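Okay, structure first, notes after.
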Amino acid sequence: MLKNALRLITNFFEIYVPIGAFFVMFGTFLLQVFFRYVLRSPLTWTQEVIVLSFVWVVIFGASYTMREKGHVKFTMVYDMAPPRVAALLRFAGNALIASALFLLIVPSFKYALFVGFQRTAVFRVSYTVAFLPFLYLLISSICYIVPELYEDIRVMRGDIEDSSDHAVSEIIRESVEASQNIDATEIFR
């Protein structure tokens, strides 16, 4: 029950809010182009909507990318290491990242509240609306990193043989090595 509610909330913020914000941003952009270049009467509010929508798309979309493990990783050394060494490397990197994100929570929250007195030029929306999504990114990223830390601890203790993403990279490495052993002259016969 709680897991379903949590999934519904994360889906709302990480899938539906970015989709809606993207449509608002794109529609506003088209409207801005039409009014500026066709009617020769630019609108003042469109830039504000586009910027706020872009911020929401990027930040909430980045949270979804963390959830799906779709972010860029430099894993050349990690992929070649044995499972326990790879777990140690990933644990060290993730612990460093999670610690940095954790240390940013309170200052980010304070700053988001601090800029609340400032308002956007046209709609008079509080800047807190623009900065609070970053707090969601910090917290959700930490929540997505913690299970990986736990998995790495289990690998290092020997409870499980390998971490899920290292096992996948091992399969990829083996398939690349196998493809390199193919004789190209046999392909064209």
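From the backbone N, Cα and C atoms, a Cβ is placed for every residue, glycine too.
Automated prediction, rather than curation, is the source of TrEMBL annotations.
Remark: secondary structure over the domain 'Tripartite ATP-independent periplasmic transporters DctQ component' (25-152) totals 101 helix, 2 strand, 25 coil, with classes taken from DSSP. The domain 'Tripartite ATP-independent periplasmic transporters DctQ component' annotation in TrEMBL covers 25-152.
Outside the transmembrane segment (12-37), and at least 6 residues removed from its termini, the chain residues within Cβ reach (under 8 Å) are 43, 46-47, 49-50, 53-54, 56-57, 60-61, 63-64, 67, 136, 140. Per TrEMBL, transmembrane segment is recorded for 12-37 (among others).
As annotated by TrEMBL, transmembrane segment applies to 49-66 (among others). Only residues 6 or more beyond the boundaries of the transmembrane segment (49-66), in the same chain, are considered here, and those with a CB under 8 A from a CB of the stretch are 10, 13-15, 17-18, 21-22, 24-25, 28-29, 32, 120, 123, 125, 129-130, 133-134, 136-137, 140-141, 144-145.
Here the transmembrane segment (87-106) has Cβ contacts under 8 Å with residues 77-78, 81, 135, 138-139, 141-142, 145-146, 148-149, 151-153, 155-156, 162-163, 165-166 of the same chain, all six or more residues outside its ends. Residues annotated as transmembrane segment in TrEMBL: 87-106 (among others).
The annotation transmembrane segment is assigned in TrEMBL to 126-147 (among others).
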Legend entry - Segment confidence, the domain 'Tripartite ATP-independent periplasmic transporters DctQ component' (25-152), expressed as mean pLDDT: 94
